[in-house]
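Enquirer: When I checked TrEMBL for this same protein, it listed these features:
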| type | residues | note |
| --- | --- | --- |
| DOMAIN | 194-230 | domain 'EGF-like' |
| DISULFID | 220-229 | disulfide bond |
């Protein structure tokens with residue numbers, strides 16, 4: 001954190017030697033935070049309005065919606081505020097305004113997007129009320145509506161730019177990470193054309209990545225025996241569950257699983273929304 005004391009000259013308004021104080025807060029946002037970020041799309045609010053700290057009506061300082069959103073996430077995650085970062089605020093459309101917001105949170109390591117987005121979905125109305133925003137999408141998905149971006153398969157790709165995205169709201173500004181979600185008309189589950197590096201974090205669950213001459217390899221902690229340190233077996237006691245990213249949108253999909261159970265009835269897999277309104281779902285259950 002840097003506190004700067006400046007003398008400002010404004011020729012347009014014939015002002016000279018005007019003292020000004022500027023506070024610059026620098027936060028490190030690692031690559032891991034970006035690829036594990038959650039996201040929301042809000043309507044009726046510009047990027048400037050989201051970070052604004054000056055109320056022009058009352059001519060007073062106020063806590064920005066960005067800070068209130070960060071506080072709310074920390075409260076829902078039951079973690080310290082310093083462990084939550086709102087690092088990207090980008091205006092997608094001016095009239096009417098639509099703004100995309102990305103955020104990350106960590107214990108050790110960073111929380112996965114499915115957890116962050118799921119938590120926001122389940123507490124959406126509470127967040128909207130406390131922060132003062134209208135959330136229209138949780139987990140920015142350019143493939144959400146069939147045949148809108150692609151006629152068949154559709155996969156979201158995260159495009160992380162080296163150029164920052166600046167939002168200037170006069171008395172405060174945010175220089176954040178420029179992140180775009182791109183819809184690619186391909187089946188992501190079957191597309192292996194992109195080369196992987198250790199920078200893309202291909203090893204899960206704390207696995208250590210090493211690059212060989214022809215391929216990557218993962219050194220995995222005990223209990224994770226998949227090629228990328230996945231956990232290939234899971235057990236439950238009848239009232240538990242595991243949360244994973246949704247299946248990719250493909251023309252045709254194939255899913256296989258093996259199970260043994262002591263219960264006659266139960267749900268094995270659910271792929272679909274956890275709140276209204278989108279109705280599409282896939283359900284696999286066992287009935288005796």
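From the backbone N, Cα and C atoms, a Cβ is placed for every residue, glycine too.
Note that the structure is predicted; figures quoted are calculated from it, not measured.
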Enquirer: Just to be sure I understand, if DSSP states are collapsed into helix, strand and coil, how many residues of the domain 'EGF-like' (194-230) fall in each?
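Expert: The breakdown for the domain 'EGF-like' (194-230) reads 3 helix, 8 strand, 26 coil.
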Enquirer: Give the sequence-ordered list of residues that share a chain with residue 220 (disulfide bond), lie 6 or more positions from it, and have CB atoms under 8 Å from its CB.
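Expert: Looking at Cβ-Cβ distances below 8 Å from residue 220 (disulfide bond), excluding near sequence neighbours, one finds 203, 205, 207, 226, 229.
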Enquirer: Tell me, roughly as an integer, the mean pLDDT over the domain 'EGF-like' (194-230).
Expert: 86
